[in-house]
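**Student:** Sharing the feature lines straight out of TrEMBL:
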type	residues	note
SIGNAL	1-28	signal peptide
COILED	263-290	coiled coil
C-alpha cells in the first residue's frame, strides 16, 4: 500500500513538473542557419551573406552559426521562396524580381524607372512603404524579409551592337528573368525577351542562344560576362535589389532575443554593403570599359522612359487597387 501511494505521488509530481516546465519560455539554444544564394561567395550576394554572418555570430556570441551555401547548393533562386514557405530552407538571398512569381505585389519595386534616383529609392526602402512591403509579405506568405540590402541599377549588355537609341534594341534576343514586368518592358523597348532561369543564363549567353541581358553592374564583372558580351549600355531601367529572407520555421526556432539579433544583423549588413557598392558602381563601369574591354554607351533615356510609363500604367490597371496604392506611395516619396 505504501509503495503504491509513493508511486502515485511520484507520478503526480512528475506530471505537475512537466506541465510547469512546458509553460516556461523556451530556453536559448545554439542554432545553425543555412543561408543560400545562387552566385559565388565573391559576388555581392556572398558579401551580403558574409557581413550578415559576421554580425550575427558576434551579436549572439557564437550561439547562432550561419553557414553560407553559395552557388545553388540548397536551392535555386527560382525555387528558394517556395522552399522557405515549406520550411525546408532557412534563409536565402533572392533578387526581388524572382520573388514576384510567388508574391506579385513585389513587382511595385520592379517597375521600370519607378525610382527617380538613389535618394528616392532609399526613402522608399527605409521608410513606411518599405516596412509596409515587409509586413504584408510576411502576413501573406509567412516568409520574413529581413533586410533589403544593396539596391543598384541593372546595366544592359549585348554581343551584337552598341545601343545609342531605343531603335537599336529592335530584334535583340534578351535574356530576362521569369518576371512579367521585365518581359513586358523589353517588349516595349523593341527587343525579343527570352525568359530564362538564372542557372541557365551564363550558358545561354556564352553559346549565343540569347544576344544579351541585364544585371547589377558588379554581377557583370563577377560573372565575367565581359568576356563574351562586348557592349555595355547604361540604361538604369530597373533597380537591382536582392533582399535577405528567412523562413517562418527558422524564425520560430529562435527566442525573442535571438530574433532581434537576426533582424539587427541583417539590417546592419544591408546598410554597410549598400554604402560600399554605391561607391563602387562607377569604378566597376570604368573597369568594364577599360580592362574588361567593353564598349560603353549611355543612350538618351527619353524614349525608354516613355515606354516604361506605359508599362507602369498597364500593370497598375491589371494588378488592382493594392498595387495602385503602393505605386502611388512610391511616386509620392519622390517629392
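Here the Cβ of each residue, glycine as well, is placed from N, Cα and C on the backbone.
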**Student:** Roughly where does the coiled coil (263-290) sit in mean pLDDT, to the nearest integer?
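**Tutor:** Mean per-residue confidence for the coiled coil (263-290): 95 out of 100.
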**Student:** Go through the chain and flag residues at least 6 beyond the ends of the coiled coil (263-290) whose CB is under 8 A from any CB in it; none is fine as an answer.
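**Tutor:** For the coiled coil (263-290), the sequence-distant neighbours (Cβ-Cβ under 8 Å, at least 6 residues beyond its ends) are 44, 47-48, 51-52, 54-56, 59, 118, 146-153, 155, 217-218, 220-221, 226, 232, 234, 244, 296.
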